[in-house]
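As recorded in TrEMBL, the features of this protein are as follows:
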DOMAIN    B:24-255  domain 'Phosphagen kinase C-terminal'
BINDING   B:27-31, B:His92, B:Arg126, B:177-181, B:208-213  ATP binding site
Amino acid sequence: MLCEECQKRPATLHFTKIINGEKTEIHLCEQCAQEKGNFIFMNQSPSLTINNLLAGLFNVNPSFEQKQQETIQHKDLIQCTECGMTFSRFLKVGKFGCPNCYPTFHDQLTPILKRLHGGNWKHSGKIPKRAGGSLFIKKKIDILKETLQTLIEKEEFEKAAEVRDEIRMYERQLQEGDV
Amino acid sequence: MSIEKFLSQSISNWMNGEGPHSDIVLTSRIRLARNLKDFMFPTLFSQEESKRVLNYVEGMIPLLVEYPLKKVELLKMDQLNELQKRVLVEKHLISPNLAKDAFNGACLLSENENISIMINEEDHIRIQVLLSGLQLERALEIANTVDDQIEQHVDYAYNEVRGYLTSCPTNVGTGLRASVMMHLPGLVMTQQMSQLIPSINQLGLVVRGIYGEGSEALGNIFQISNQITLGKSEQDILFDLNGVVEQIISQEWAARESIRKTSEVQLEDKVFRSLGVLTNSRIIESKEAAQCLSDVRMGIDMGYIQNISKTILNELMILTQPGFLQQYAGGPLRPFERDVRRAKLIRERLILEKNK
């Protein structure tokens, strides 16, 4: 059987496509199949990992191809000053070059993060002591304030006074920039 | 301590078959992805820069003196041969990526192998804690202690809005991947796994085979982990995962009970046939071995087999992998030779157990 595309080489790959219950059979040679690009060859792309899929996920609907082209050109103007990563390169590789890429591509990244993380784009977990700096102290104060409120409600004033002093200590640290 | 010790010590602590729900949950794993502030991510860094990251971490080791990092050993990937690296992968102590193509890749291992810190994998530092049974909170606690200790000596790449910055945006935020390895033969036999996987995905969790991304579910073992790392606290991530895992455990038991009710003889037959294969075969491929080990393990869980411990099976799952077999043989083996050695190893181990 000859390849349906080129009619020259023998068809070595056979596909069955079912759309709305309608079955179509396609017979292609390896080269044409690859050119058509409709199919993923698991054996030829063993590294089909989440990172490879990212590029697809990031890209906009292909029917807006022209618009997308413009956006990419615009996005390409922004480049990370630390590592030279451009946004379109990031879309291809699915990974950033350095920590500075995050603030560099902040605006473009938010919609992507939302898609990857169930609508979330802002961190709400652990804060490192050093890198988190004042943020760590602020979070600590918030937690202590909640504790203070509970202690007051329970009329445990002695403990509440201790917590109040602790809050004051942290607030002083914040003011003095000693974090 | 030396590499020889890690390689000869076939049983890692996580294989001991203890811990809550250890009949269904083999292991709980926590991974924290961290990067150093002033370095390029491994995606782009030069060999020279990767060396600097490694030196940085190496210089820090003598400073890590508190529990649980008192006794750690640094294993540099370029000082290990292919086989040695493969064994570390099979023991789940390093990732295949670190073994394959990391620039100046290394791994900091704790003595009992519960903690392994990968250097220069996809991120500069990846802290991994592996425990037996369902113990996600405990594993996170240990990982956090390790993380805090390391942070005393380095500046992490962190940003108020995005959290811990990682090379791939799928890990940004908490940098936390929590995974649970589960043995689910009942759900596979009753063909419920294919229905379960999409609904687990909808909850922001992923189901994979035993060796992670892209690997097959050998021996009915599945790995379930969180997909979302941003916008949820570490505790929330664990809470969601724990909830789903507990649901799956009860569904697995329900499936096993329903099989017991409807086809007990067939079930017993399957279990004991597999035990027969394991104790008698002279040639066995890894896939068949994994399936038989799964059947026998279920037979133990359900009370059909009494004189074999579950630990043996955890151990054999690992020992019968190609890397380990070749490590024992002291050199490379062709597939057929491996199948013969695998059969011999299983046979001898089970006979030893019987005579105990």
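Even glycines carry a Cβ here, placed using N, Cα and C.
Since we're looking at a predicted model, the values are computed, not measured.
Features as recorded by TrEMBL, highlighted on the structure.
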residue  : record           : Cβ contacts under 8 Å, 6 or more apart
B:Thr27  : ATP binding site : B:Trp14, B:His92, B:Leu130, B:Leu131, B:Ser132, B:Gly133, B:Val180, B:Met181
B:Ile30  : ATP binding site : B:Ile127, B:Gln128, B:Val129, B:Leu136, B:Ala139, B:Leu140, B:Ile142, B:Ala143, B:Leu176, B:Arg177, B:Ala178
B:Arg126 : ATP binding site : B:Arg31, B:Leu32, B:Ala33, B:Arg34, B:Ile117, B:Met118
B:Ser179 : ATP binding site : B:Ser28, B:Arg29, B:Arg31, B:Gln223, B:Ile224, B:Ser225
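Residue density at B:Arg208 (ATP binding site): 18 other Cβ atoms are found within 10 A of its Cβ, drawing on all protein chains shown.
Under the three-state DSSP scheme, B:Ser179 (ATP binding site) falls in the strand class.
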